[in-house]
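Below you'll find the structure, written out as structure tokens, and then a few comments.
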Amino acid sequence: KQEWKNKTAVTEFILLGFGNGPELDSLLFLMFLSIYIVTVTGNTLIVMLMVTNRRLHTPMYFFLCNLACLEICYSSNVLPRMLLSYLGGDRSISVNGCFTQYYFFGCLAAAECCLLAVMSYDRYLAVCEPLHYPSRMNRTLCLHLAAASWISGFLSNSILTFLISNLDFCGPNEIEHFYCDSFPVIKLSCSDTRVTGLVTSVVAGVCSLPLFLLTFSSYLYIIMTIMRIPSATGRKKAFSTCSSHLIVVILFYWSILTVYVLPHRNSQISPNKIFSVFYTILTPLVNPLIYSLRNKEVKEALRKE
């Protein structure tokens, strides 16, 4: 402790990313720049379609529009800073900048869990209780569910950011990641991090596990209902209404659970970093592709535009 106190407080962190070298930096810059452009363009196109096409003014597409907006914010929180580091070679980020990035990352991740759960509930009502769907999933409820997803996401990460920002950082200051995430940052602290680590795990579990169970149970009921439909055509039509969302849910939860369920040891930091790419970069990229390629109404709206 005395040795830590004698050290100068850290004023900036170094995001190590995926390696060093001019050739590798140029390759990664071009790859992530292409991903960022496609992600923002694809999700912006989805938002424009939902707003301008009256046929898409339904609860499912309203929530999809919210998800697309969230994915734009999600990518913009991580990728621009990463692109600057590969372009100029400066991988430093101020302590306050790091905490700000972590705050918005955690908020948006929690909001996405909420939105995916809300979308699964919407599909459950549409498939399992179609007669009650118009009255239950009305405009007011849609607005309340979307607002609750965004607000709960931004509130849930406030306490974690407060706890992490009050830790002492005396060195080293190299973060073994491409963005500021909780466990890599906590690992660098020279304070007692047991309470912060425990609270982080508890809050993450409380925010994600019930939503995951709700999403899983909704699709379990959906699949059971679809299997009871007598005709193959009817089963195919019913499953097509939720298959796109199911693919997004599988991609998101598979990657995020892989990262946070694995023990946090030095030998597993690199795999965790790679799996983090799925839910921070690839999921926002594939969402517009999955919904546009697998959804008949979206494809028709694209042709008319």
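Please read every residue number as a count from 1 along the shown chain.
Even glycines carry a Cβ here, placed using N, Cα and C.
Note that TrEMBL annotation is computational and uncurated.
Look at TrEMBL and you will find 42-291 tagged as domain 'G-protein coupled receptors family 1 profile'.
Tertiary neighbourhood of the transmembrane segment (27-49): same-chain residues 17-18, 56, 64-65, 68-69, 71-72, 75-76, 79-80, 82-83, 86-87, 281-282, 284-285, 287-289, 291-292, 298, 301-302, 305, selected by CB-CB distance under 8 Å and a gap of 6+ residues from either end. What TrEMBL lists as transmembrane segment is 27-49 (among others).
Beyond its flanks by at least six residues, the transmembrane segment (61-82) meets 15, 17, 32, 35-36, 39-40, 43-44, 46-47, 50-51, 93, 101, 104-105, 108-109, 111-112, 115-116, 118-119, 122, 142, 145-146, 149-150, 178-179, 280-281, 283-285, 287-288, 291, 297 of its own chain at Cβ-Cβ distances under 8 Å. Residues or ranges marked as transmembrane segment by TrEMBL: 61-82 (among others).
Residues of the same chain lying 6 or more positions beyond the ends of the transmembrane segment (102-121) and with a Cβ under 8 Å from any Cβ of it are 60, 63-64, 66-67, 70, 73-74, 77-78, 145-146, 148-150, 152-154, 156-158, 160-161, 164, 179-182, 185, 207-208, 211-212, 214-215, 218-219, 245, 248-249, 252, 256, 279-280. What TrEMBL lists as transmembrane segment is 102-121 (among others).
Listed by sequence, the residues of this chain that lie at least six past the ends of the transmembrane segment (141-164) yet keep a Cβ under 8 A from its Cβ atoms are 59, 62-63, 66, 99, 102-103, 106-115, 118, 121, 182, 185-186, 195-196, 199-200, 203, 207. The transmembrane segment annotation in TrEMBL covers 141-164 (among others).
Residues 110, 113-114, 116-117, 120-121, 123-124, 127-128, 156, 159-160, 163-164, 182-183, 186, 242, 246, 249, 253, 256, 260 of the same chain lie 6 or more positions beyond the ends of the transmembrane segment (198-222) yet place their CB under 8 Å from a CB of it. The transmembrane segment annotation in TrEMBL covers 198-222 (among others).
According to TrEMBL, the feature transmembrane segment maps to 243-262 (among others).
Tertiary neighbourhood of the transmembrane segment (274-293): same-chain residues 32, 35, 38-39, 42-43, 45-46, 64, 67-68, 71-72, 74-75, 78-79, 105, 109, 177-179, 181, 244, 247-248, 251-252, 254-256, 258-259, 299, 302, selected by CB-CB distance under 8 Å and a gap of 6+ residues from either end. What TrEMBL lists as transmembrane segment is 274-293 (among others).
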